[in-house]
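Visitor: This is the structure I want to talk about, given as structure tokens.
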Amino acid sequence: MLTVGCTLLVALLAAPAVALVLGSCRALEVANGTVTSLPGATVTLICPGKEAAGNVTIHWVYSGSQNREWTTTGNTLVLRDVQLSDTGDYLCSLNDHLVGTVPLLVDVPPEEPKLSCFRKNPLVNAICEWRPSSTPSPTTKAVLFAKKINTTNGKSDFQVPCQYSQQLKSFSCQVEILEGDKVYHIVSLCVANSVGSKSSHNEAFHSLKMVQPDPPANLVVSAIPGRPRWLKVSWQHPETWDPSYYLLQFQLRYRPVWSKEFTVLLLPVAQYQCVIHDALRGVKHVVQVRGKEELDLGQWSEWSPEVTGTPWIAEPRTTPAGILWNPTQVSVEDSANHEDQYESSTEATSVLAPVQESSSMSLPTFLVAGGSLAFGLLLCVFIILRLKQKWKSEAEKESKTTSPPPPPYSLGPLKPTFLLVPLLTPHSSGSDNTVNHSCLGVRDAQSPYDNSNRDYLFPR
């Protein structure tokens, strides 16, 4: 059905211009005897009545806000360079007797209107409006010519009067559309006054596709304590949207104030708050929100007015060592949860910044630092001496192990020395292939001396 409607609309728009004329846009009619003029022109007013004919003296009086009078010979009054303020009735009299009245209307032709149509939500009528660049004259009128197109009832033409709002400085017209209607409209705005008329180009719209909400309202951006890269954003649905029947989806965009590129987030349906997790620390951000019907019906609203906000900034504090520490610059939560996602961020990552010179360091601080240094030096000296003593002991033990065996007879008591290679005693009998091993470390039970090697020293 929608395809048929689109085909019909395209056919109408492709037709000759005559077929798209929705109505006749003409200048407004004026009362008989009214003289019309453009600003800056010269106007001649003629006093009516036979009494004013000939070379008689006629007295003219302007009935407007200004008290002006003229006296002429004959029944004509010439006004040069007339302006809008000259509009009004001019009374002519002869010998203090009123002869007649001549109305003068000075007006500016209307400018060509530029029509725009919208529908705030699926439950209301469509509104077509035009905002002129200058205030129109009081006599300017506007009317909307419309053609309704659907597949069931064909075409129907109608007109809608438009009202001018001094507060909004615009002409507006309402086109009745019932809820659920799926029809096309072709509209054109005619603006006319007593000196001319202009009509807009034809505009076509679909009753559902033209739905466009107002921007979200009451946008608030606030910092979250303890979160140096978070911003909380909240808003409300526009007053012209009833969320009881139709819900809205939202888009949120934000950027640092010095950047021109926005980051855009598409939010779930009916979500009216959001937390930005990747804001730059200590930087003011610009935030905007817009809405659209939950099922993508119609168009996105305009972006809401810009609102700025800065993430939480901790108060710097001075440590006992005289160093200024700003908790905002380093956060356990920030590094654990979010820093891995934004390693390419260009913000500064400095953590500590000295704020006091060494000359201003307090005495307790100096004593603590000096004591720590002295303790460290003493510990190093102790470790070096300990290692040196250990190395010396190991060297002595190694030299004793590699020295030649002591003589068999010594003055003092001997301690047995176990050698890795046993001493060989000369063989007395047996074949050459037999080797007799002496038993190392075996002593005589009655002698305190080791005489197991006597065969080697005293051969038989």
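Even glycines carry a Cβ here, placed using N, Cα and C.
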Visitor: With the ranges 215-219, 300-304, 330-334 to choose from, which does Swiss-Prot describe as motif 'WSXWS motif'?
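Guide: Residues 300-304 are the ones Swiss-Prot records as motif 'WSXWS motif'.
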Visitor: According to Swiss-Prot, one residue in Asn32, Asn436 is annotated as N-linked glycosylation site; name it.
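Guide: Looking at Swiss-Prot, the N-linked glycosylation site feature maps to Asn32.
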Visitor: So Cys190 is in a disulfide according to Swiss-Prot. Which of these is its partner: Cys6, Cys25, Cys380?
Guide: Cys25
Visitor: Out of Asn55, Cys117, Cys128, Asn218, the recorded positions in the record, which is closest to Cys173 (disulfide bond) when you go by Cα distance?
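Guide: That would be Cys128, nearest by Cα distance.
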Visitor: So if I measure Cβ to Cβ from Cys117 (disulfide bond) and keep only same-chain residues at least 6 apart in sequence, which ones fall under 8 Å?
Guide: Ala126, Ile127, Cys128, Glu129, Val175, His185, Val187, Glu203, Phe205, Met210
Visitor: Using the alpha carbons only, what distance in Å do you get between Cys25 (disulfide bond) and Asn55 (N-linked glycosylation site) once rounded?
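Guide: Given the Cα positions, Cys25 (disulfide bond) is 44 Å from Asn55 (N-linked glycosylation site).
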Visitor: For the motif 'WSXWS motif' (300-304), could you work out the same-chain residues 6 or more beyond its ends whose Cβ comes under 8 Å from its Cβ atoms?
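Guide: Tertiary neighbours of the motif 'WSXWS motif' (300-304) are 212-217, 219, 235, 238, 251, 253, 288-292.
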Visitor: Roughly where does the topological domain 'Cytoplasmic' (386-460) sit in mean pLDDT, to the nearest integer?
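Guide: When the pLDDT values over the topological domain 'Cytoplasmic' (386-460) are averaged, the result is 51.
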Visitor: Round to a whole number and give the Cα-to-Cα distance in Å for the pair Cys190 (disulfide bond) and Cys92 (disulfide bond).
Guide: 37
Visitor: Sequence gap of 6 or more, C-beta under 8 Å: which same-chain residues meet both conditions with respect to Cys47 (disulfide bond)?
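Guide: The list for Cys47 (disulfide bond) reads Ile58, Trp60, Asn75, Thr76, Leu77, Cys92, Val99, Gly100, Val102, given in order along the sequence.
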